[in-house]
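Peer 1: Pulled the feature table from Swiss-Prot, pasting it below:
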DISULFID  C97-C189  disulfide bond
CARBOHYD  N5  N-linked glycosylation site
TOPO_DOM  1-25  topological domain 'Extracellular'
TOPO_DOM  47-54  topological domain 'Cytoplasmic'
TOPO_DOM  76-99  topological domain 'Extracellular'
TOPO_DOM  121-133  topological domain 'Cytoplasmic'
TOPO_DOM  155-196  topological domain 'Extracellular'
TOPO_DOM  218-237  topological domain 'Cytoplasmic'
TOPO_DOM  259-271  topological domain 'Extracellular'
TOPO_DOM  293-324  topological domain 'Cytoplasmic'
TRANSMEM  26-46  transmembrane segment
TRANSMEM  55-75  transmembrane segment
TRANSMEM  100-120  transmembrane segment
TRANSMEM  134-154  transmembrane segment
TRANSMEM  197-217  transmembrane segment
TRANSMEM  238-258  transmembrane segment
TRANSMEM  272-292  transmembrane segment
Amino acid sequence: MLESNYTMPTEFLFVGFTDYLPLRVTLFLVFLLVYTLTMVGNILLIILVNINSSLQIPMYYFLSNLSFLDISCSTAITPKMLANFLASRKSISPYGCALQMFFFASFADAECLILAAMAYDRYAAICNPLLYTTLMSRRVCVCFIVLAYFSGSTTSLVHVCLTFRLSFCGSNIVNHFFCDIPPLLALSCTDTQINQLLLFALCSFIQTSTFVVIFISYFCILITVLSIKSSGGRSKTFSTCASHLIAVTLFYGALLFMYLQPTTSYSLDTDKVVAVFYTVVFPMFNPIIYSFRNKDVKNALKKLLERIGYSNEWYLNRLRIVNI
């Protein structure tokens, strides 16, 4: 450990979930399956949106960006976590820790803004259909995306810089499975009040404001839906809105629970369980909740599979001709 006014360990050690090897192997297999499904589902959605002309609209443009963020957010955490399940020494360098913290926080904050943009897009389409092309023009969509990535990167960089200016002259054992801000603040032997206040302020602003936008948008949508005379149209829209609201509530609930509580009441074991859901599990379910229940996406997927099947059939026929 470096001895100076600014003290930083040469490495951080993760406690992880358990030291019992059979359970670690089981968790490795479970999370490997979850990560694989996350990658396949989100990559497939991105491909569908980009190759299908019927999906070239703002809603699916935001969905493809959400899928990219889910892939990125999960990739920032899961590969290292999987490696640590099978490693005897679950360590990470300070630079690796800083990078992991930066990328995860960037993608998580950007995802909050993308979810808000998606809710606003649905509000514009259902509540103001005549103004939809103006409210959700290509320029507006690009501005939403740029704002999401820029604000996510900026706030994340601030957190990382302030966190790694602290001294860690005590233990270097992180009771977590990745480098997150609260457990590192708990390890510091210097005053972390500024860090805690800034974490609370930025998280309150980004997470609370975007959640309010989402809630108001869906509330207006539901009010509009109540005026629909067709019971079938009402039930379909209610079903879609309900699934989206449940997913958003769970995602934001986990984030608010993690980052808007004081360090003094920080429960390491409880927060690890909560963190698993928003870092590993939610990215797997987002494509199902937001996309694959959608008729347009199902049709696009069906056409893609038919195209692949036709290509394979054509290739096999060519092989038969050559063999003859």
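Any Cβ shown, glycine's included, is placed from N, Cα and C.
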Peer 1: Which whole number is the mean pLDDT over the topological domain 'Extracellular' (1-25)?
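Peer 2: Mean per-residue confidence for the topological domain 'Extracellular' (1-25): 77 out of 100.
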Peer 1: Taking the transmembrane segment (26-46) as the first stretch and the transmembrane segment (197-217) as the second, find out whether 3 or more Cβ pairs fall under 8 Å, excluding pairs closer than 6 in sequence.
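Peer 2: Result for the transmembrane segment (26-46) with the transmembrane segment (197-217) is no.
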Peer 1: Going by DSSP, how much of the topological domain 'Extracellular' (76-99) is helix, how much is strand and how much is coil, in residues?
Peer 2: 17 helix, 2 strand, 5 coil
Peer 1: How would DSSP class C189 (disulfide bond) in three states?
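Peer 2: The residue in question, C189 (disulfide bond), is coil (DSSP, three-state).
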Peer 1: Can you tell me which parts of the same chain pack against the topological domain 'Extracellular' (155-196), counting only residues 6+ beyond its ends and a CB-CB cutoff under 8 A?
Peer 2: 1, 5-9, 11-17, 76-77, 80-81, 84, 92, 94, 96-98, 100-106, 109, 202, 206, 258-259, 262-263, 266, 268-269, 271-272, 275-276, 279
Peer 1: Given the transmembrane segment (134-154), which of the listed stretches 100-120, 197-217, 238-258, 272-292 has the most Cβ pairs that are under 8 Å apart from it?
Peer 2: 100-120
Peer 1: Excluding the flanking five residues on each side, which residues at least 6 beyond the ends of the topological domain 'Cytoplasmic' (121-133) place their CB within less than 8 Å of a CB in that stretch?
Peer 2: 58-59, 62, 217-218, 220-221, 224-225, 237, 241, 244
Peer 1: Treating G and I as helix alongside H, and B as strand alongside E, what does DSSP give for the topological domain 'Extracellular' (155-196) in helix, strand and coil?
Peer 2: 20 helix, 2 strand, 20 coil
Peer 1: Among C97, C189, all listed as disulfide-bonded residues, which has the most CB atoms within 10 Å of its CB?
Peer 2: C97
